[in-house]
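**Student:** My questions all concern the structure below.
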Amino acid sequence: MAKQYDSVECPFCDEVTKYEKLAKIGQGTFGEVFKAKHRKTGQKVALKKVLMENEKEGFPITALREIKILQLLKHENVVNLIEICRTKASPYNRCKGSIYLVFDFCEHDLAGLLSNVLVKFTLSEIKRVMQMLLNGLYYIHRNKILHRDMKAANVLITRDGVLKLADFGLARAFSLAKNSQPNRYTNRVVTLWYRPPELLLGERDYGPPIDLWGAGCIMAEMWTRSPIMQGNTEQHQLALISQLCGSITPEVWPNVDKYELFEKVELVKGQKRKVKDRLKAYVRDPYALDLIDKLLVLDPAQRIDSDDALNHDFFWSDPMPSDLKGMLSTHLTSMFEYLAPPRRKGSQITQQSTNQSRNPATTNQTEFERVF
């Protein structure tokens with residue numbers, strides 16, 4: 001067994017012992033993430049341990065896909081894969097060596113920043129965050145890659161204020177359907193609260209609009225400080241989407257009745273679209289409201305794409321996008337969702353945010369309850 005694992009681990013990879021682990025900063029179904037530093041140079045990195053537990057036939061295909069995609073993507077707003085390291089198989093690790101993906105270290109993730117009441121984004125800074133996020137999406141989509149897990153926790157920000165799309169564990173290449181043969185991608189992707197309605201209805205021939213829906217959820221979250229639709233089940237998530245974006249019908253979404261689950265799930269009837277009405281108490285800027293409204297369109301064919309979103313008046317009206325470095329320089333501690341206190345389900349944010357100045361929704365608490 002040891003020999004088998006040693007052969008599937010890259011034999012030309014360095015030992016991970018060249019790095020010293022400093023702290024765990026993330027954990028999930030994907031494995032664990034650690035902050036670490038290079039023992040000789042002192043360079044700070046993030047080590048993502050590849051989960052091997054259920055892989056009886058060698059290296060996980062999902063990890064191979066992630067590595068291949070990250071080696072392809074080189075952009076300021078996409079996380080940078082430095083190298084791949086390993087530990088050798090031995091009796092001490094049940095003859096299972098480990099693989100680590102080594103990334104440039106980013107000091108924060110967006111979910112961690114939004115969880116802290118002391119972090120206050122101005123409207124200009126929100127514009128810069130969304131501009132970088134959409135730039136990253138534009139780049140990966142131009143390179144025919146879908147992220148498929150857009151959420152605030154997967155948006156990293158460096159201490160210099162540079163945003164990086166991260167966690168490409170669910171990402172995949174996409175292509176336009178050819179010869180009337182639709183693609184058959186899995187629809188069991190994207191964290192539930194950020195999952196678009198087409199995936200919830202069983203669509204398997206999808207494309208970049210699924211990531212733009214997530215971008216819309218994240219953009220609204222910049223003001224609400226909380227995921228805006230927190231369903232407990234897929235059925236519940238569809239109900240929340242209908243309550244915000246209007247009932248899902250063929251009148252507003254042509255051919256939606258052709259989706260596999262359209263007749264099988266109970267869809268809320270008689271709901272009017274009220275994205276702007278529901279969010280205007282938080283989002284005071286009319287251009288911001290309009291862009292969120294265009295990102296959270298039910299029909300993926302009518303949902304705004306990253307190119308048009310970047311040309312939206314939101315980014316070209318006063319105040320213009322401004323650098324995050326100054327604001328972040330006042331926060332010396334890294335902020336990650338994993339390190340934030342656990343949230344109590346069911347509580348509501350009642351504060352309203354102007355974000356026109358450094359005085360968004362605040363309370364006497366140190367942390368926001370991230371429930372909208």
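Each Cβ is built from the backbone N, Cα and C atoms, and glycine gets one as well.
Below, the features straight out of Swiss-Prot:
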- ASP149: active site, proton acceptor (ACT_SITE)
- ILE25, GLY26, GLN27, GLY28, THR29, PHE30, GLY31, GLU32, VAL33, LYS48, ASP104, PHE105, CYS106, ASP167: ATP binding site (BINDING)
- 347-366: compositional bias 'Polar residues' (COMPBIAS)
- 19-315: domain 'Protein kinase' (DOMAIN)
- LYS44: N6-acetyllysine (MOD_RES)
- LYS48: N6-acetyllysine (MOD_RES)
- SER175: phosphoserine (MOD_RES)
- THR186: phosphothreonine (MOD_RES)
- SER347: phosphoserine (MOD_RES)
- THR350: phosphothreonine (MOD_RES)
- SER353: phosphoserine (MOD_RES)
- THR354: phosphothreonine (MOD_RES)
- SER357: phosphoserine (MOD_RES)
- THR362: phosphothreonine (MOD_RES)
- THR363: phosphothreonine (MOD_RES)
- 166-191: region 'T-loop' (REGION)
- 343-372: region 'Disordered' (REGION)
**Student:** Can you see whether DSSP assigns LYS48 (N6-acetyllysine) to helix, strand or coil?
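**Tutor:** In the DSSP reduction, LYS48 (N6-acetyllysine) maps to strand.
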**Student:** Check each residue in the chain of GLY31 (ATP binding site) that is at least six apart in sequence and keep those whose C-beta is under 8 Å from its C-beta; list them in sequence order.
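**Tutor:** Same-chain residues close to GLY31 (ATP binding site) (Cβ under 8 Å, separated by 6 or more) are LYS48, LYS49, VAL50, LEU51.
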**Student:** Between THR186 (phosphothreonine) and ASP149 (active site, proton acceptor), what is the CA-CA distance rounded to a whole number of Å?
**Tutor:** 13
**Student:** Of the recorded positions LYS44, ASP149, SER175, which sits closest to ASP104 (ATP binding site) by Cα distance?
**Tutor:** LYS44
**Student:** For the recorded positions ASP104, ASP149, work out the Cβ neighbour count at 10 Å and name the residue with the minimum.
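**Tutor:** Candidates: the recorded positions ASP104, ASP149. Fewest Cβ atoms within 10 Å: ASP104.
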**Student:** CYS106 (ATP binding site) to SER175 (phosphoserine): how many Å between their Cα atoms?
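**Tutor:** About 31 Å separates the two Cα atoms.
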**Student:** How many Å lie between the Cα of GLN27 (ATP binding site) and the Cα of ASP149 (active site, proton acceptor)?
**Tutor:** 15
**Student:** I'd like the per-state residue tally for the region 'T-loop' (166-191) from DSSP, helix first, then strand, then coil.
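**Tutor:** Counts, helix then strand then coil: 0 helix, 4 strand, 22 coil.
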**Student:** Sort VAL33 (ATP binding site) into helix, strand or coil using the DSSP assignment.
**Tutor:** strand
**Student:** Cβ distance under 8 Å to ILE25 (ATP binding site), same chain, sequence separation 6 or more: which residues?
**Tutor:** VAL33, PHE34, LYS35, ALA46, SER334, PHE336, TYR338, LEU339
**Student:** Just jot down the residues in the same chain as SER175 (phosphoserine), at least 6 apart in sequence, with C-beta under 8 A of its C-beta; none if empty.
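**Tutor:** Correct list: LYS144, ASN183.
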**Student:** Report, in whole Å, the straight Cα-to-Cα distance of the residue listed as 'active site, proton acceptor' from LYS44 (N6-acetyllysine).
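**Tutor:** Just about 25 Å between their Cα atoms.
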**Student:** Starting from the Cβ of VAL33 (ATP binding site), draw a 10 Å sphere and report how many other Cβ atoms land inside it.
**Tutor:** 23
**Student:** In the three-state scheme derived from DSSP, which category covers ASP149 (active site, proton acceptor)?
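**Tutor:** Assignment for ASP149 (active site, proton acceptor) reads coil.
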